[in-house]
Amino acid sequence: MFKNLLRPSLFFNWSQKTFKNKFSFLKQAANALQKQAVINDNNVAFEALKKREEEITTGIITSLALPHLQSQSVIEPFVAVFKVKNLDWQSLDQKPVKLIFLIGVLVDKTNLHLDFISNFSKLMLNETFASKVLNVTSYNGLIKLIDLFNQQKVQDQPAVETKKEYDFVAVTACPTGIAHTFMAKEALEAFAKKHNLYVKVETQGTDGIQNQLTSDDINNAKGVILACDRLIDFSRFYANKNVIEVSTTKAIKKPDEVYELIKNQKGKQLANSAKPTNQTQLAESEGEFNFNNFHKRIYRAILSGVSYMLPFVVFGGILIALSFLIDINNANNAGGNFGTINPVANWLNKLGGISFSLIVPILSAYIAYALVSRQGLLPGFVVGLISSGQFLLNIVLTNGTIEWLAPSQVSSGFFGAIFGGLLSACLIIVQQNYIYKKLPQSLQGIKNILFIPLFGTLFTAGLFWVINIPLIYLNYGLSLFLNIMNSPILAPLLGFVIGLMMCFDLGGPINKAAYVFGVVSLQNQNAGTISMAAAMLSGMVPPLSIALAASIRKSCFDKQELPAAYACYLMGLSFISEGAIPFVVKKPKVMLTANLIAGAICGALTGAFALSIRAPHGGVFVFALLKTTLQGIEGATLQTGVGIGLALVCLIISMIVGSSIIIGYDLIAKHNQRKQNLNS
């Protein structure tokens, strides 16, 4: 019985005490528990309780909190009850707490506290019990109240035989696998009982999977609710076509809204048996020979192609940039051969050139691969090579003369790669579904070995050979646009926009679009560009701002966050924007504001200083490849030296702005918290 964890000596009526905040309460609670000999180290216990609260609040029911302690400091399992007066617990509903159940558990034994949470949750979801328990002032009063409502409990579920189909099944899982996991379960079951619904809820907590759903449960349910705050195995739910994904908090606070989604068939069928965890799985899962949800698959296919392309960009771009660095002594008199005079520089330049020449074919091929799997690779590569200008058909862009069989000296670049990859996939689908579908069984074996690779690729290449003409002009227009935007007047605006995009979603589609634009500018202009410099410098700003804020004011971050915050120095200097993601997730408003403002400033300054770089990646380690083309600064050495100095100025100013916003927000938030505590 879960009430056996309660005891008279662990009921504390502290309604006359005042606490600065919940951490002040936890400190005093740890001291009181050590005096009662249920823990042996109040400091260790306090740190464990504090860490748990910093992960996610345990104030999950109106006016009640369930902090839990799982630590080596616990001598024996216990539940301590604290009666307090309107303590701000930063609860989910933002209401003050009046009653606290502090649960202590041995490190290697979790069943007792899970039993308490599960059973007590059922009582708290009874509105009458929830209102009365907040008024108890003694251990005896609490026990009598629990006994009274335990006697009145009825079965939560109707008999299995009464219905064969569940109204919904659900899985609940939170990061720690304790309170939210079970509260979400109880909230869903209480809602189901109230509305006479037949349900089954599986929990995936610290005690493993309980009440596990079978394949029959899932397949025969009207819908599936995945109330999960962490990744679980989704492959079991593919057969159900009405799957809803929500947080445990949503399931706890608004189970009615969640059920309405199930009831109105607003769910979806999960993509091919599992959520893909990497790009290879994405490509395999999306390799369908049909046009179902094709518009949605296009977006994911392009991102997949970009991810395959990026290693070629980084490798080739950095090697080419290093060749210029090694050949720096010949910069002023090498003319068009700069980067190839020195033998080592020439070797690196040629090797980097091979890698760089493959980025368009790789992009095209893997866009097709992501849509139709392996059959898209051959036509995708071929049209990608045509896009990069490695075939016949030349256009004199100034007068529009087309030389059909002349070696190509123009390219459609990334425009051709994207369109060509999509065209290849579409034609594969058409061939599979309409052209070769009625072949006799004896010929099906050679369809994928001979017919589609040979005739399909020939047709795709011939069609794209013609379609590529307007794409060449589109790419030419982009080159003209970049030349215009590199002017002293418009360059700051270009940098401003790229800086905003780079810092918006840190590795997401908008960030990738800005970065790819910088890479495109490198390829189109065959030289260092402002776009690439703006993308790299502004992408370094978010992690560097966080690191500087942590160095100036440690209290902006939790103790556990500080090592990661300091590590952002290295992440930022290496141009790894993703180092800032954990901090953005935890404090999205302040971090996103700081990132956008600081990144936009950095990008605008990059344009104003006419900074350019030849390398697509590397951060501070490729700063020697920076240069400025500001008027009056002549000579490669001087342009590089001044360029490095101005790049550091851009970073320092942006870091100061970003860290100031983070620190300022922290000061304001803590001032408001102190003011609120005084008023209460």
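Just so you know, glycine gets a Cβ as well, placed from its N, Cα and C.
What Swiss-Prot annotates here:
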type: ACT_SITE; residues: H68; note: active site, tele-phosphohistidine intermediate
type: ACT_SITE; residues: C174; note: active site, phosphocysteine intermediate
type: DOMAIN; residues: 4-149; note: domain 'PTS EIIA type-2'
type: DOMAIN; residues: 168-264; note: domain 'PTS EIIB type-2'
type: DOMAIN; residues: 298-675; note: domain 'PTS EIIC type-2'
type: MOD_RES; residues: H68; note: phosphohistidine
type: MOD_RES; residues: C174; note: phosphocysteine
type: TRANSMEM; residues: 306-326; note: transmembrane segment
type: TRANSMEM; residues: 352-372; note: transmembrane segment
type: TRANSMEM; residues: 377-397; note: transmembrane segment
type: TRANSMEM; residues: 410-430; note: transmembrane segment
type: TRANSMEM; residues: 449-469; note: transmembrane segment
type: TRANSMEM; residues: 488-508; note: transmembrane segment
type: TRANSMEM; residues: 530-550; note: transmembrane segment
type: TRANSMEM; residues: 565-585; note: transmembrane segment
type: TRANSMEM; residues: 590-610; note: transmembrane segment
type: TRANSMEM; residues: 643-663; note: transmembrane segment
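For the transmembrane segment (530-550), the residues of the chain that approach it from at least six positions outside its boundaries are 482, 485-486, 491, 494-495, 498-499, 502-503, 506, 511, 514-515, 517-519, 521-522, 556-557, 561-562, 565-569, 571-573, 575-577, 579-580, 583-584, 591, 594-595, 598-600, 602-603, 606-607, 610-620, 626, 647, 650-651, 654-659, 661-663, judged by C-beta separation under 8 angstroms.
For the transmembrane segment (590-610), same-chain residues at least 6 beyond its ends with a Cβ under 8 Å from one of its own Cβ atoms are 488, 490-500, 502-504, 506, 530, 533-534, 537-539, 541-542, 545-546, 580, 583-584, 628-630, 643, 646-647, 649-651, 653-655, 657-659, 661-662, 665-666. All protein chains considered, the CB of H68 (active site, tele-phosphohistidine intermediate) has 23 other CB atoms within 10 Å. Residue counts for the domain 'PTS EIIA type-2' (4-149) under DSSP (helix as H, G, I; strand as E, B; rest coil) come to 65 helix, 30 strand, 51 coil.
Note on the domain 'PTS EIIB type-2' (168-264): DSSP counts are 39 helix, 25 strand, 33 coil. Averaged over the domain 'PTS EIIB type-2' (168-264), the predicted model has a pLDDT of 82.
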